[in-house]
Amino acid sequence: MKIIIINGPNLNLLGKREPEIYGSETFEDFFRTLQLKYKNVELSYFQSNIEGELIDKLHEVGFTFDGVILNAAAYTHTSVGIGDAVKGIETPVVEVHISNIHAREEFRQHSYIAPNAKGVLFGFGLKGYELAIQSFL
Ligand code: DQA
């Protein structure tokens, strides 16, 4: 079972960035605990602040991997290109957000990913990524 977590812009700052919203753990530390816990899953991780790199990665994994866990961060609300990439690939995509996007600003209420996602998890903190892994098992 091959699953990749793809994180979008500013998520490289997890641990430092608005900890009251996103928590104080770095994603690298959290990812290591996931790898230890899900030893039977071939888990990989990619982060980019660049829209086209996120699209390229979706194309690269999207016909061979079993699952994509995507937190496109701010691009969720703006990127037709990432939405189209999710639509165009074969691998199912679970959309994750750390915060409860529906309890925040109006501009976070719309997602270009959700219409083509297998499911959406938001508001559970980093645990949402783990729940997304479980959704593929
Ligand atoms: C986020 C929510 C987005 O609205 C925001 O732009 C992010 C992170 C989340 O994980 O809660 O950068 O995707």
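Glycine residues also receive a Cβ, built from the backbone N, Cα and C atoms like all the rest.
Features of the protein shown, as given by TrEMBL:
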- Y22: active site, proton acceptor (ACT_SITE)
- H97: active site, proton donor (ACT_SITE)
- N71, H77, D84, I98, S99, R108: substrate binding site (BINDING)
- R17: site 'Transition state stabilizer' (SITE)
Under a threshold of 6 Å between Cβ and any atom of ligand 1, which of the recorded positions R17, Y22, D84 are retained?
none
Most distant Cα pair in Å, residues N71, H77, D84, I98, S99, R108 binding substrate:
24
Just to confirm: which same-chain residues, 6+ apart in sequence, have a Cβ under 8 Å from the Cβ of R17 (site 'Transition state stabilizer')?
N10
Nearest-integer angstrom distance between the alpha carbons (Cα) of I98 (substrate binding site) and Y22 (active site, proton acceptor)
6
Y22 (active site, proton acceptor) and R108 (substrate binding site), distance between Cα atoms, whole Å:
15
I need the least crowded one of these binding-site residues (N71, S99), counting other C-beta atoms within 10 angstroms of each C-beta.
S99
Helix, strand or coil at the residue listed as 'active site, proton acceptor' [DSSP, three-state]
helix
Return the count of C-beta atoms lying within 10 angstroms of the C-beta of D84 (substrate binding site), excluding that atom itself.
14
Within 10 Å of each Cβ, count the other Cβ atoms and name the one among the recorded positions H77, H97, R108 with the highest count.
H97
Rounded to a whole number, how many Å is the Cα of H77 (substrate binding site) away from the Cα of Y22 (active site, proton acceptor)?
18
